[in-house]
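The chlorophyll a 1 binding site annotation in TrEMBL covers E123, N126, R128. If you look up TrEMBL, you'll see Q140 marked as chlorophyll a 3 binding site.
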Amino acid sequence: LAGITGLPFELDSTQGRAPAVLNGNIGEAAPVLALALLFASYLECATLDQVHGLTATGKTISAKSGQPVLKTYTPGDLNFDPFNLYTFFGWQAPPMIEASASADPEYRMRWIAFNRKEMETAEIKNGRLAMLGITGFAFQEALWGTPVVDQTPLLFTPISDLIFSGRY
C-alpha cells in the first residue's frame, strides 16, 4: 500500500521487522491502536445487555424452524460466525445420533450443546496456539535482529513458487 499511495514504507525504520515493543517504533502505531481501542469500546457498549445474569438463557422456540432451541450465554460471544461453523459441526451426526435426535428433541439439544462446547474449546486452544506462535515470532525477530520473513522464507513463499521452483 505504501508503494501505491506514495507514503514511506514504515518497516524501513525497523529494518523490515514488525513494529513491536521488542523491536521499537511501537509509538508510531499509536493512531491505529487508538482506533482499535475505540472500536473495542464501541463493541463493549453495544453488547452491554449480553452480561451474565442479564441475558435470557434456557429453552425457547426458534423463530426460523419452530423447533425448541437452547439459548446460552458465553462471555465475549458476539454471534460472529460468517461460515456458520457452529451449526455445521453441530449437525455432523452419525446415523444413530441423527435418528435419536429426530425422535427426541431433548437429545438433539444435548447433542448440539455438546458440539458447541467442543467447538468453543477448539477455538480457545487454537487461539492460544496462535498467540504463542506470534509471540515466538516477536522474540525471534528481537533476538536475531532480522525479519522473521527472511529467517523462514518457506513459510512466506507462495505455494506455487515452492512447487515449481524445484528447491523444496
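Here the Cβ of each residue, glycine as well, is placed from N, Cα and C on the backbone.
Note that the coordinates shown come from a computational prediction; the quantities given were computed from them, not determined experimentally.
Nearest in space to Q140 (chlorophyll a 3 binding site), taking C-alpha to C-alpha distance over the binding-site residues E123, N126, R128, is R128.
Other residues of the chain with a Cβ within 8 Å of the Cβ centroid of E123, N126, R128, the chlorophyll a 1 site, are A122, I124, K125, G127, L129, A130. Residue environment of Q140 (chlorophyll a 3 binding site) contains 17 other Cβ atoms, counted within 10 Å of its Cβ in all protein chains.
Its own atom aside, the Cβ of N126 (chlorophyll a 1 binding site) has 10 Cβ atoms within 10 angstroms in the protein chains shown. In the shown protein chains, 10 other C-beta atoms lie within 10 A of the C-beta of R128 (chlorophyll a 1 binding site).
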